[in-house]
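Visitor: Sharing a structure here in structure tokens format.
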Amino acid sequence: MILVSQLVFFTCIWITLMPNASVVAEIKTPRPRCSSSMEQTRKQETRMRKEDSTKVWPLKYKQILHIEDHDFAMRPGFGGSPVPVGIDIQVESIDSISEVDMDFTMTFYLRHYWKDERLAFPSKTNKSMTFDHRLIKKIWVPDIFFVHSKRSFIHDTTVENIMLRVHPDGNVLFSVRITVSAMCFMDFSRFPLDTQNCSLELESYAYNEEDLMLYWKHGNKSLNTDEHISLSQFFVEEFSASSGFAFYSSTGWYNRLFINFVLRRHIFFFVLQTYFPAMLMVMLSWVSFWIDRRAVPARVSLGITTVLTMSTILSGVSASLPQVSYVKAVDVYLWVSSLFVFLSVIEYAAVNYLTTVEERRRFKQTGKISRMYSIEATQAMAFDGCYRDSKTDMDQTSFSLHSEEEALQARCVSNLSADSPRIKRRKSLGGQVGRVILENNHVIDTYSRILFPTVYITFNLFYWSIYV
């Protein structure tokens, strides 16, 4: 009985200890089958990742372009020969030309071409990769700026208009859409019959010719323009590309590229707004030569009106141009026209003065002028617009002392008899011009009717032949 109980006790202990021993054995004993299956699974996943490259490349562009493996703060080939950077430009529009500010505004596509071997990547199809503005800050790009520019900006609607294209061999295309306002040194000596030569200059800001070489990518064909480019006041005659060097005493020589264009001004607008009104005012001032010299209010008001109108035209033209210190072509024409208008006023002042002096002299010679008639003669000269010969006036005075009826008859006879001595005097003008002017200063108006138009027409012939 005792033996049976001991046997049962040892059996229970053995049953209890056997599972723990098997677990320890399993832990100590390696399982080659399980580890080999795990390695096969990992190899299959790696092979699948390599085959499905379309899902991996967009997430690993930094590794493909090796951006993190290089210092892009330095230019390509640092310490060696200068990096060549080709430029070509597509001009989209010339937005405005300002004569007052002496500048122009242009919108264009600026494209840079260079090679950076640090961006080379393997490719079986030899296809390039295109990126937007987000990659620009992580790689090296040329630091092109515009000389003499006042303001500029990169278009950002709907996103920044920047494109970067990288080829497998490391060639890079960098394109950006820019609007620039730059100075144009204009010469207004022939305005508005002028032709302006403007240029936009490109240059590297930090890299001189020892580090960076700027050049036109396709020579003269590197500058392209749209066919629909047009301006309200100018006609674009020519676009051309050129290159040169710029020297700065502190930093050295730099490559510089030039975008040259020639602008020819349309003259028709200024003919309608400036030249034609000035001609009309000059011709209007000649009307006073056909108005009787006794009509003082009519001739004076006409002269003052034309002078003020010419002053208005001059001030309007000056307000639309910069205040330059040299004479412009339009200034020559307007000031000469103003001089003709002013001389027509001076001409009548001379006629009126000489008429008054001559009549006073004749009145003193007769010695038969009463105070009453003196007042009436002065009023008549100012207001009634009738010409009177001095001898007839004397006869009229004597008749007016007797009766009013005889004075009226004498006035009618004097108007008829005044023509015959005038015709005789005109026929005897040869060699006696001075005497005729003293005897009858009406001849000054006669000569002015011919002299003023002749001189003005001659001036116009010389002006348009020189400036056009």
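Glycine is no exception: its Cβ is also placed from the backbone N, Cα and C atoms.
All TrEMBL annotations are machine predictions without curation.
The domain 'Neurotransmitter-gated ion-channel ligand-binding' annotation in TrEMBL covers 67-266. Here TrEMBL flags 274-381 as domain 'Neurotransmitter-gated ion-channel transmembrane'. Summarising the annotation, TrEMBL assigns signal peptide to 1-25. The transmembrane segment annotation in TrEMBL covers 267-290, 302-321, 333-354, 450-467.
Can you walk me through where each of these features ends up in the structure?
Guide: Here the transmembrane segment (302-321) has long-range neighbours at 99-100, 188, 191, 274, 277-278, 281-282, 284-285, 287-288, 291, 328, 330, 334-335, 337-338, 341-342, 344-345, 348, meaning same-chain residues at least 6 beyond its ends whose C-beta is under 8 angstroms from one of its own.
Outside the transmembrane segment (450-467) by six or more residues, the chain places 190, 193, 282, 286, 289, 329, 332-333, 336, 340, 343-344 with a CB less than 8 A from a CB of the stretch.
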Visitor: Let me spell it out: take the transmembrane segment (333-354), skip the flanking residues so only those 6+ beyond its ends count, and list any with a Cβ under 8 Å from a Cβ in it.
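Guide: Result: 274-275, 278-279, 281-282, 285-286, 288-289, 293, 296, 299-300, 303-304, 306-307, 310-311, 313-314, 317, 437-438, 441-442, 444-445, 448, 452, 455-456, 459, 463.
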Visitor: Just to be sure I understand, if DSSP states are collapsed into helix, strand and coil, how many residues of the domain 'Neurotransmitter-gated ion-channel transmembrane' (274-381) fall in each?
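Guide: Reading the DSSP string over the domain 'Neurotransmitter-gated ion-channel transmembrane' (274-381) gives 90 helix, 0 strand, 18 coil.
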